[in-house]
Structure formats: C-alpha cells, structure tokens
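Features of the protein shown, as given by TrEMBL:
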BINDING   Val47, Asn51, Ser280, Leu378, Ser382  Na(+) binding site
COMPBIAS  15-29  compositional bias 'Basic and acidic residues'
DISULFID  Cys149-Cys159  disulfide bond
REGION    1-30  region 'Disordered'
TRANSMEM  65-85  transmembrane segment
TRANSMEM  106-135  transmembrane segment
TRANSMEM  197-214  transmembrane segment
TRANSMEM  226-245  transmembrane segment
TRANSMEM  277-294  transmembrane segment
TRANSMEM  306-327  transmembrane segment
TRANSMEM  366-387  transmembrane segment
TRANSMEM  407-424  transmembrane segment
TRANSMEM  444-466  transmembrane segment
TRANSMEM  478-501  transmembrane segment
TRANSMEM  521-543  transmembrane segment
Amino acid sequence: MAKYDIRINSTTNENRNESQADSPKKNDRGQWSSGIEFLLSCISMSVGLGNVWRFPYVAYENGGGAFLIPYLILLFIIGRPIYYMEMIIGQFSGRGPIKMWKCAPAFRGIAFAQLFSVSYVTIFYNYIMCISVYYCVASFSSPLPWSYCHEEWVPNGWCEQNQDETSFDNQTWPELYYTQTVLHQSNGLWDVNQIEWKLTICLFVTWTLVYLTIINGVTSLGKVSYFTAFFPYLVLISLLIVSMFQDGALDGIKYFFEPQFEKLKDPIVWYRAVEQSFFSLAICFGSLVMYSSYNDFTNNVNRDCIIISLLDTFTSVLAGCVTFAVLGSMAKESGKEIKDVVRNGPGLTFIAYPEGLAKIKFIPQLWSVLFFIMLLTLGIGSSVSMIETILSCTRDQFPRLHRHKPMTALIFCIIFFCFGLPLTTDAGSFIMQLLDNYGVGTAAFLYGTFEVIGIMWAYGLSNFCLDVQFMLGSRPSILWKITWGVLTPFVLIVIFIYGNVLIFRNKADVTDEMPEWGTGIGWALAGLALIQIPIWFIIQFFHESGTMIDRFRSMMSSTMDYGPIEKDTFDRWIEFVRNNRTKKSNSEVMIPCSVFVTKTTTLLSKPKCNVKNQMKIERLVARAAVIGPHGRRLPESMQQLKSFCRETNTMVAKMEAFVRDCYTKEIQDWSNLVMYTVKYNIRKYCGRRGVKIVQDLIKLAPCANKYVQTNETCIRVFIDNTAQLVPLTDDSKKIPHLCCNFVENLKCAEDMLDHIPCMRAHTSQLMDLFRNGIQGVFDFGCGEFNGESEACDKLGPAPKPTVPNKTKYLSFPFLMIDVLSSIKDYEAPGQLG
C-alpha cells in the first residue's frame, strides 16, 4: 500500500486560500440538477448497446448458458467493484478522468489511453445507430422488406419458384437483407469499393441527434435521460411477451439458461465474460468517472451502484431472453440446432430481432419501428456518455472552453462523423470488428487492472476508504476492501494472461475474412491507445525532481491539491483526515499527501499567494536545501557542482520572491535569517574561490552520498523535535531549544561520520559544511546555546506541547520560519546578507 510521508505539513482551514486554482469549480463544469437525473443518466449509459446489441451475440458465440454463469460471477467480482470505485473517485474528486489521477500521477496515462478507446467505441456505436435508423425507416414498408425474398439476392426467377422458402444458401431473409441490402457487404476488409450513401445519411442523422443531446453539456443530458432510461424497458418487455407466443421460443430460452458445464473450463468464455462486463456497465472508459464528477458531494453512490448494477444485469438477461426466444423460433422453423441457426457476430441483433418482428401478426411495422427507435435510444444513451467524456476532459484541460460548450460539441461531432465515414463503405462491418476486437476489448482489461492498482495500491486502500467515510459517513465493509485490494486485480490479471495466450494460440479473433495486415492494423489501434500509459508515466517521471527513488515515490503519491474540488469541502476533509489518520506500527502516517500542504503562517490576500504556489516553492526548497534521501546528492564532479550551485541559486531566488510578495514584514525578516545560511554556503562553495575549496569535498562525495542516502536518523530526529516547538506556549523556551536541537544534530552527524571508514579522514571538513549551513542561526540568535558551553546540557529536554504537532517537514527553511514566527515577543533580526 502507499505510504504518504513525503509531503510537507498540515494546513488549517483559515490558511487555505486557493489550492486548486487550476481546476474549474463545479459550477463552471456543470452539475446534475438532481440525484435522479444522475441515476437515470447512468442507467441510460450503462443499460445501452452493450446490453441489447453486444450481450446477445457474445452470449450466442460462447454457448448461451455456458456464458451466462461466468458473466454473472465476474459481474460481481470485477464489474460491480470497479463500477462502485469509479463512482466514488469521480464524485469525491469532482474531476474528470484525467485530473482525477492527481491521486496517483504515475497512472495518468490510463485516462489518455481510455480517450482513444472511447473514441473507437463512439465511432462504431454511431455506426450501429445509423443501421438502426436505416431499419427504422425501412420498417414503414409493408410487408417488412426483410420478411421475403428479393431478386437481387438470388438467381433470376428463384424467388417465384420457391415462394415458401425462408432462406437461400443457408442464409435467412433477414440475414440476406442485412448483408446484401443494408451493408452491401464486400468479401472482406481488403475489398473496399464504395461508400453507401444511404448509410452516410443515416450516420449524419445519428450525429445530429447526439449533438442536440450534448449541446449544453450535463444539463441537457439530464433532461434527455428521462426518456432514454425508461423507453427501452417498455419495448423489450413487450417484445418478450410477443416472442413467447412463437413456436420454439421456450427452447431458445432454455438454451440461454441451461448451463453447459464443459464450456466453463474454457478460459476464452471467462475472458469474453470480463470483456462484456466492461461493455455492459460502461466501466473502465472514463465515462462513469465523468458522470460522477458532476454529482453533489454527498450523493449516495452506494445506493446508485446497487440499483444500476442490478438493472444492468436484468437488462442483459432480458435482452438475452428476447434474442434466444427468437433464435429458438427460427431453429424450430428451419429444423436446425439453435447454435447453427444464424452466423455469429455483431450482426446478430439485426438478424434475430427483425426475424421475430416479421412474425408478429398484429401491425409488425409498429413493433419494428418501436424496436429500432429503442435501439437508437440505447445508442444515444451510450454514445453521448462517450463523447461527453471526451468533451469533459477537453474542457477541464482548457477551462475557457466551458463558456463555448455548443461550439466545442459541434466541432467534435463533425470530426467523429468524418472518422465514421469509412464504416459506411461496403467493408464497414469488418472495420467495426477491428475497432471492437482490438481497439477496445483487449485494452479494457488493462485499463481495469491499472485502475484498481493505481487507486487501491498507489493511492492506498486506507486513504480511499477514509475518503469514502468522509463523503458518505461510513467506511466500506471488509468485503469491499478484500475485493478491491486483492480479488479484483488478481482475477483480472489471471484471466487476461491466460485468455490472451489461448487467443494467440488458437487465433480465435482472426476470422477468415481478416487478412494478416488487417490484424496488424487492429493491433496498431490497440497499441496507439495502450502506448499512452508508458508515455505519460515517463513524462511524469521526468516532471518530478530528486533521485530516481524520490521521483518514483512522488509519482505514486497524490498531488498537493488532490481532494474535493470545492474549497469549503476540501478544508473540512483536511481536518477530518488529520483527526482520523491511521497510525502504522512504525509510527509512520498513512495519509493523503495533500494534507501536508502549508505552514501555519498566513498568506497575504493576493492572486498568486495561494497554497498551490507555496507548495511549488516548498518542493523546490525540499529538493535544493536538503542533503539526503529527500534532497540532493553532494556533487561528485565540477560539472555536478555547477549544476548544484545553479539549482541552489534558483531555489533561493524563488523562495525570496514568494516570501517578499506573500508574507508580512515580520515573516520576511525571519525568512531572511534562514536564507542567510544558504547564501553563506553559496558564496563560500560556489564562488571562484569556492571551486578550489571544494576539490576535496568532490573527492569524498561518493562516500558521503552513500551515507546520506542510507541514513537519515539525525535529520529526522532534529525535524521531529523542532516541529514540536511550534505549538509550545512558553515562547522563551523556543530559541534555546531550537539552537540546542542544532547542536545535537551536529553531534549526531559527527558521531555517524566517525563510524564510516571512508569518511573518518574527512569528518572535520564535512562538519564544517554542516555547521556553515546553520551559522546564521548561531550568529543572530543562539548566544550561549551555540554548543560551545554547557548551556544546552543545563537546559534539559524541551517540554511536551499540550497538542503535539504531527506535521512532517522535509526542509529546514520552512521549519525554522514556523518556529521563529510563532514567537510573539521575539524581535525579528531585520535584513541580513
């Protein structure tokens, strides 16, 4: 689990001005008008094409009942836990899929990878919708055009001679209508001849509907959801009732529910079940995080998760019942086995459902129109969540676009319409299979795995549960903790590895129509998305400072401004975490890094004087002013010395500028005292004369670095003891104990140096470097407590404060400023230097 001990010190409510200046407030981003709109929008998103279009054909390909059992099991082991987790992290942070990764910046690439996959899904979902529009228009014909033989499908005169036939060349009329009339399907991916203009018009209609739905962002989405969430259930239940009156329907439903236990041994079935759970619940694509980020902070997401996941499962089973009832009827009529009645694949919905609709005796056109409007409605609910995810991420990255929502939405809809045009060619169905199989299915496994690892292992399960307690009033149960922390990632990894090994071995995803170069394009699409994860990992790594270990730790820790996006809630959260932090056995504190955000001194009310900017300075100080595990290494060459001095000068300049602009005159004077010690070393070791002085220091630097990188006892004891001086009420004790803490720190360091063989000959030289670092304090404030007399021995230990300071510091400057500025009647030293 993550250990958060590498940030600075805790804030108080009155000290936090604007720590999230770069993040738009919720009112700027938009918010659901009510909790019911969020619930219905999530139902509309999750209960979509993944349930009615994708689930039936995936279940049919994998044995019906043999698929249903692992699907339901994995839905509760993987699907629902990730769904709940995404709801929580979105609502708690109030951020979209990219910025919510401030909780663990190393995993930010997942969000960018998800945007690519979401784009693929958006493209082919709108293709499914455009086919639905085509069928909807065709449904006004009497008789329905897929219910009889067409001359262009068969040899001349065949239809008249075989009027009682329901198929040709083992293909039913609905199947021939789908492949020959609607798609004009070519022989394969390589055989692209023309764009089907009818499908192009239908695609334009679907994108127009999507645009009208998302034109005003979350506000318009909430209103549309009242229709898109309820209408599909009316149609599906009606179709199930009608289809049950067909001969053979019960056989089809029995096939759907009857388990085939031998198939449960097939890892591919489990692999497809995980994939389908991602599609059914619309998880691991960023959409749910985006929707939840528009929630009221205290919305009961646990209740919503239960309702939506149960409805989602019910819808999948309902759609499966309708599909398999029709397949059973078709098998009865044709005399075939149910598994052989139609070809597998994404077109099953446009074959099985039209077949059933054509057999309805009471106004089949009406039922057909209702069904394909329902399919279009489901598509809109799914598609708008995807496109809104892309738009939301774009607006969050460029906040000014929040004022231009209609125009931004229009531009993206036009772009995606153009990307969808290749699917309207006669090879469009093969292109769709590429996007589905490679660009989305495989990638979703990795997104889910990395999401759980990033949130539960990097950010920390304890931190996550503490956030849930603050937001909802109670911590997740032990069952949730076990599932999130162990079971879900373990099952995902095992099924992903084992399933992919078998897929590659059996070439399960490569159809006869797919050439090798087509498979290459598919993997290129997947690679384009997945490569974002390591790319952004590397970018984040070089964005951090310090040693490799420091950078890695920082990447795995939450940023300073991670937390609830609204200021008042953020302040309350900090106070809550401070009072409920979990103590570990070694007294380390597991707590989000953003709790260690600022000093106890007060910033001036200026735009740039906020906690976020202060944290940048503190990180720079912690990096530049400390030698050791949390800071820098001593220079081992002249080139490193130049870089060392240049970095130190930069730190001094930035800190002085920030203190000068953002603090009172008294605090500025204390800061000058602290910075005097740093400037002293710069003049001595970085000037022209200093180059000669540090020759010996460079020689002993490798040994010194080995020491300071593995031993931090002295500095840790000094910082912990000195931090306890801040809350003391007796100001007269603070300066003496501060000085004596320095003396003890020097003695501790000297004793350790004497025990390192390679350092013994250079102890005095290195101790001079350490003493020079605190010379300013001794010169201006310590008097007899400078280590040269017995004053510190007579002083004794510092009294324990009534309320201990649990703050953790990494650098001397801010620590000393805190101590000195907490003394009410001590005269500031004035300008130094």
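Backbone N, Cα and C define each Cβ position, glycine as well.
Automatic prediction, not curation, is the source of TrEMBL annotations.
DSSP assigns Cys149 (disulfide bond) to coil, not to a helix or a strand. The transmembrane segment (197-214) is not in contact with the transmembrane segment (226-245), judged by fewer than 3 CB-CB distances under 8 Å for residue pairs 6 or more apart in sequence. Geometry remark: Val47 (Na(+) binding site) versus Cys149 (disulfide bond), CA distance 35 Å. With respect to Cβ pairs under 8 Å, the transmembrane segment (65-85) is most closely packed against 277-294, considering the stretches 226-245, 277-294, 366-387, 444-466. Reported as a whole number, the C-alpha separation between Ser382 (Na(+) binding site) and Cys159 (disulfide bond) equals 40 Å. Sequence-distant neighbours of Cys159 (disulfide bond) (same chain, 6+ apart, CB under 8 A from its CB) are Tyr148, Cys149, His150, Glu151. The stretches the transmembrane segment (478-501) and the transmembrane segment (444-466) meet in space: the count of Cβ pairs below 8 angstroms, excluding pairs fewer than 6 apart in sequence, reaches at least three. Across 106-135, 226-245, 306-327, 407-424, stretch 106-135 shows the highest tally of CB pairs under 8 A with the transmembrane segment (366-387). The list of residues near the transmembrane segment (306-327) in space but at least 6 beyond its ends in sequence, with Cβ under 8 angstroms from a Cβ of it, reads 39, 42-43, 46-47, 51-52, 55-56, 59-60, 64, 68, 71-72, 75, 79-80, 83, 232-233, 236-237, 239-240, 243-244, 246, 249-250, 252-253, 255-256, 280-281, 338, 341-342, 348-349, 352-353, 355-356.
Within the chain, the transmembrane segment (226-245) has long-range Cβ neighbours (under 8 A, six or more residues past its boundaries) at 37, 40-41, 43-44, 47, 52, 315, 318-319, 321-322, 325-326, 329, 353, 356-357, 360, 367, 370-371, 373-374, 377-378, 380-381.
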